[in-house]
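Below: one structure, written as structure tokens.
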Amino acid sequence: MTQAGTRSTNGDTENTDILAQARQQVLERGEGLSRDQVLQMLWLPDDRLEELLALAHDVRMRWCGPEVEIEGIISLKTGGCPEDCHFCSQSGLFMSPVRSAWLDIRSLVEAAKQTAKSGATEFCIVAAVRGPDERLMSQVAAGIEAIRNEVEINIACSLGMLTVEQVEQLSGIGVHRYNHNLETARSFFTNVVTTHTWEERWQTLSMVRDAGMEVCCGGILGMGETVEQRAEFALELAELGPDEVPLNFLNPRPGTPFGALEVMPPSEALKSVAAFRLALPRTILRFAGGREITLGDLGAKQGMLGGINAVIVGNYLTTLGRPAEADLRLLDDLQMPIKALNASL
């Protein structure tokens, strides 16, 4: 499903006024857009896209600065997940080619080393689980200790839903940031996942924040949600107030319920990037999975000039990403400095 709802028909003058109002509100005062204002941005005609992206870039530069945060991710435990997230090839409930596997500690350390060599300040350890059991928590603790002995990098984790005790344990071993995506608007969530609730995810995020870890929470666009629901999602994230929002775009995976969905049109994806920046002016907004197939090289450049200030380099969990060298070359071409580790501690 692409753009839906009743669009404004008053022409370029109204669109210009909308952008002028957004410039005053977000750029000058640092106040994020409301749901209805985000919706207006998503409804802008394509001939206003360049102006929208320019405004989002100005907002990013004003409230976040020119630096770009680089992150690498690694799957500690792949596949065999009991949850039914309809976009995910790691679910054990679907006829996916992905099979369950564990990464050994030595390989985890080597991956962290390679990530650090790319200039990254963040290394995220991910596991395909509903939530971690004792074995996984022990493996994560051992992996983090091994990485810290050899690599200077911030460590993040994404291990599903947590208990209070697990949150405290991760905080205690020095996890810098915890990722748990809400994935989509609350009103659309049951179309994406049925084995747990949106509220359960929110609860984990609240506990993470209370424990003093940074919160990383975003989602996937292009899963059949309406444009109204994209605006709803942006404001739900603004209410949560995460330190980082990773924006993924659906890359339909064979064997999953969403495997036959169409890829999101590039103009919609770029409008979404800009609109989310205007809703979240001070948040780290990260290009994540699906940008390669959705936007290509040109769209990646437009996104970096349209509100994005962080990227995941290298491959994702079960799909190929852009080579790290390509992203680093793009940042160099755009004269965007990479955030240094000592600036992020």
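Cβ coordinates come from backbone N, Cα and C, glycine included.
Given the structure is predicted, the values throughout are model-derived calculations rather than measurements.
According to Swiss-Prot, the protein has these features:
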DOMAIN    66-291  domain 'Radical SAM core'
BINDING   C81, C85, C88  [4Fe-4S] cluster binding site
BINDING   C124, C157, C216, R286  [2Fe-2S] cluster binding site
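C157 ([2Fe-2S] cluster binding site) sits 17 Å from C81 ([4Fe-4S] cluster binding site), taking the CA atoms of both as reference points. You'll find the Cα of C124 ([2Fe-2S] cluster binding site) roughly 18 Å from the Cα of C88 ([4Fe-4S] cluster binding site). Between the CA atoms of C88 ([4Fe-4S] cluster binding site) and C216 ([2Fe-2S] cluster binding site) there is a gap of 19 Å, rounded to the nearest whole number.
Cβ environment of C216 ([2Fe-2S] cluster binding site): A156, S158, R177, Y178, N179, H180, P242, D243, E244, V245, P246 lie under 8 Å away, each six or more residues apart in the same chain.
Mean pLDDT, taken over the domain 'Radical SAM core' (66-291), works out to 95 on the 0 to 100 scale.
A gap of 25 Å separates the Cα atoms of C81 ([4Fe-4S] cluster binding site) and R286 ([2Fe-2S] cluster binding site). For R286 ([2Fe-2S] cluster binding site), the number of other Cβ atoms no farther than 10 Å from its own Cβ, over all displayed protein chains, is 22. Of the recorded residues, C85 ([4Fe-4S] cluster binding site) and R286 ([2Fe-2S] cluster binding site) place their C-alpha atoms 21 Å from one another. Look at C85 ([4Fe-4S] cluster binding site): DSSP puts it in coil.
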